Amino acid sequence: MESENKPNFDPRDHQHLRYNPLRDSWVLVSAHRMKRPWKGQVEKPSEDSVPRHDPNNPLCPASTRANGEVNPEYDSTFLFENDFPALQPDAPDPGSDHHPLFRTKAARGVCKVMCFHPWSDVTLPLMQPEEICKVIDKWAELIEELGPTYPWVQIFENKGAMMGCSNPHPHCQVWASSFLPNEPALAERCQRAYLQKHGEPMLLEYARMEAQAQERVVVENEHWLVVVPYWATWPFQTLLLPRRHILRLPDLTSQERNSLASIMKRLLTKYDNLFEVSFPYSMGWHGAPTGHYLKEDMNHWQLHAHYYPPLLRSATVRKFMVGYEMLAQEQRDLTPEQGSHT
């Protein structure tokens, strides 16, 4: 009789755990928490009055950067060495004779900054598809240029002051490292194990199943699919996936690059329209590792991009990863299905 009185499980009302196969970890979903009144921090609305050109902005054409170099009068993408790099190619080796509790390894690499457009008052969703295609082509060129030397080339964009972006100008960063960082190393292990066990690349099968289910799809076209992943942690996190098996950005055909530009513009426009604000996020590409991995079978990998926006309830209320998330486990306040249909 007791079991008859138990409510039926509803993911919108009952907390539950979801498995993230890319990280071999679990996420706590507690969608009922969205019903609680918010009395926490409220962010200041983002500044809308960004000048098209500011001579004091080091990313603008003809501006002088911190190292004294003057930018050219560029009219498309512009790439330069980061003036304050986290990785340098000639750092000395700290040696390996260390206690197991005090281990150190060498870390070398290069860091670049890539401007998307000469105007400071535009963002990717405001750019024309052909302009976004030039960004994608440059990304692919960077993988081809740096990949033979470095096992990992991380392309990432921090958009908005909320994500720590200090210069209001459309740009991304590219860090190439002599080591495989933690997140790609996890994705490498998990995707390899999945192919060995199931006989198909994880994210290729996942994209097909999401396209069939249509429960978490945000936007899609002939070549690409964007979903709020089943295991998403951030409220409006998305995963951008190709429909065919692709290892790295340079492998994309011209048609797939045009299609990617289109779907990026659609996705980022939806983000901006969600709370009627230039939507902040951190995004980045994950493809098969490079360097010595170029000579290995990497068919367990599938190219994909992650978008991690911090906003939760409105343009001024964000999701904080603190307390339980830092000390115990990742947790989110609405289901991925709710996030994809907002």
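Numbering starts at 1 and runs along the chain as it is shown here.
For all residues, glycine too, the Cβ spot is worked out from N, Cα and C.
TrEMBL annotations: computationally assigned, not manually curated.
Here's what TrEMBL has on this protein:
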| type | residues | note |
| --- | --- | --- |
| ACT_SITE | H171 | active site, tele-UMP-histidine intermediate |
| BINDING | 33-36, A66, 82-83, N158, 164-166, Q173, 319-320, 324-325, Q331 | UDP-alpha-D-glucose binding site |
| DOMAIN | 9-181 | domain 'Galactose-1-phosphate uridyl transferase N-terminal' |
| DOMAIN | 189-339 | domain 'Galactose-1-phosphate uridyl transferase C-terminal' |
| REGION | 37-67 | region 'Disordered' |
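Structural mapping of features recorded in TrEMBL.
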residue	record	contacts (Cβ under 8 Å, 6+ apart)
D83	UDP-alpha-D-glucose binding site	P58, R65, A66, N67
H171	active site, tele-UMP-histidine intermediate	L59, V113, M114, C115, F116, E157
E325	UDP-alpha-D-glucose binding site	Q331
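As a whole-number mean, the pLDDT of the domain 'Galactose-1-phosphate uridyl transferase N-terminal' (9-181) in this prediction is 89.
All protein chains shown were included, and the count of other CB atoms within 10 Å of the CB of K319 (UDP-alpha-D-glucose binding site) stands at 21.
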